[in-house]
Amino acid sequence: MYRLKCDVKSYGWGKVGHESLAAKLAEAGYGFEVDPNTPYAELWMGSHPSGPSFVMQTGKPLSELLTPETVGEKVYKKYGKQLPFLFKVLSINKVLSIQAHPDKPLGKQLHKTNPKEYKDDNHKPEMAVALTEFDALCGFRPVKQIEQFLDSIAPLREFVGEEAVRQFKGTVKQDERKALETLFNELMHKDEKRIQEFTPQLVQLAKSDANNFGGTEYGGKAFSDLIIHLNSQFPDDIGLFVTPFLNYVRLHPGEAVFLRALDPHAYVSGNIIECMAASDNVIRLGFTPKFKDIETLVNNLTYQTADAKSQLTQPVPFAKACGSGKTLLYDPPIEEFSILQTKVSPGQKQCIRGINGPSILLVTEGSGILNGDKGDVASISPGFVYFISANFPLTISATSEPVVVYQAFCEI
């Protein structure tokens, strides 16, 4: 096991100074200097070239440590000297862009044609685990809910266009995906003048009829508050009219959501653990001052609809864990990564039998000891990050207070 110094990203949507959990963990873990006036958004843990981690004992990049022995023969054969995943902590003060991430064919195409904006050729499915209450928009709502919003929110219906809405309703039963794609394409090509014309109407309705905004079944006060909040951060933005098309979820600590490639989403607020395939590719369409690639996104989204609950990832007990603590497995339907959450109370021990691949372990709460099977001993406290070699059994012990650790890993 090797202790790491990791990379902190400062983006405008991050929490400021010591309000940022990402910054506080980096400060506690390796002495990162926190500026009280700077927004700190992400803590990156991995070997991605846009924000690599370094081994504290040697000062060398983590990638130089990756060999068939440390990551396992199968993982090394497929991924070489780069980890297949990127592990993060996000501290969200302001809504992130409405975005999607490419699948593998699109990732290769975008990197080839526009390497300035798309810096690698990989896909980027990702999973978020809430550390605090976490609000997000994720995936297209069921068509029934979209229809209700179009019926009950006049400024939304009029913004998209009455004729476009009629065509949507007339074709949705024959081909739901195509009907949604056509309607969404119409919405995304409205000009700035129209956005500025209808935004005040949408926000005013959210304020004046808060409890009934969008209908009580799927809308109501929480949804009207969301519209008002988003407009305060990004006034007159196309994202405001996209929001009713997407599921709005509030996750509690320990709950998780998996986001497939080419599914639209936006993180609204909170602190999360995030893991993804090792990519930094983002296709944006709203709530951002950065480059928007609307044509690419509109032409490549899945347009699959589902309710919010179907996108949640339910953790299960981890079969390779034993002891008096508790270890849960978050296992998305891809090979690049899974996440473990381990909780150990004072006086308890929890063993994680050797994982057949590389892992990165982050301590978020408490203090204790890590023990390897060959006499390796290391202390743990919040912000400590360790790279764990393949097939390396671990025992996690808590000393004076409960310990919580998250561990991203890849097994093939």
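Placement of Cβ uses the backbone N, Cα and C atoms for every residue, glycine included.
As recorded in Swiss-Prot:
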- Gln99, His101, Glu126, His265: Zn(2+) binding site (BINDING)
- Arg284: active site (ACT_SITE)
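Features per Swiss-Prot, on structure.
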| residue | record | DSSP (3 states) |
| --- | --- | --- |
| Gln99 | Zn(2+) binding site | strand |
| Glu126 | Zn(2+) binding site | strand |
| His265 | Zn(2+) binding site | strand |
| Arg284 | active site | strand |
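The Cβ of Gln99 (Zn(2+) binding site) has Pro264, His265, Ala266, Val282, Ile283, Arg284, Leu285, Thr288, Leu297 as same-chain neighbours under 8 Å, each 6 or more residues away in sequence. Cβ-based neighbour count (10 Å, all protein chains) for His265 (Zn(2+) binding site) stands at 23.
Proximity of Glu126 (Zn(2+) binding site) to non-local residues of its own chain (separation of 6 or more, Cβ distance below 8 Å) is seen for His101, Phe258, Leu259, Glu274, Cys275, Met276, Ala277, given in sequence order.
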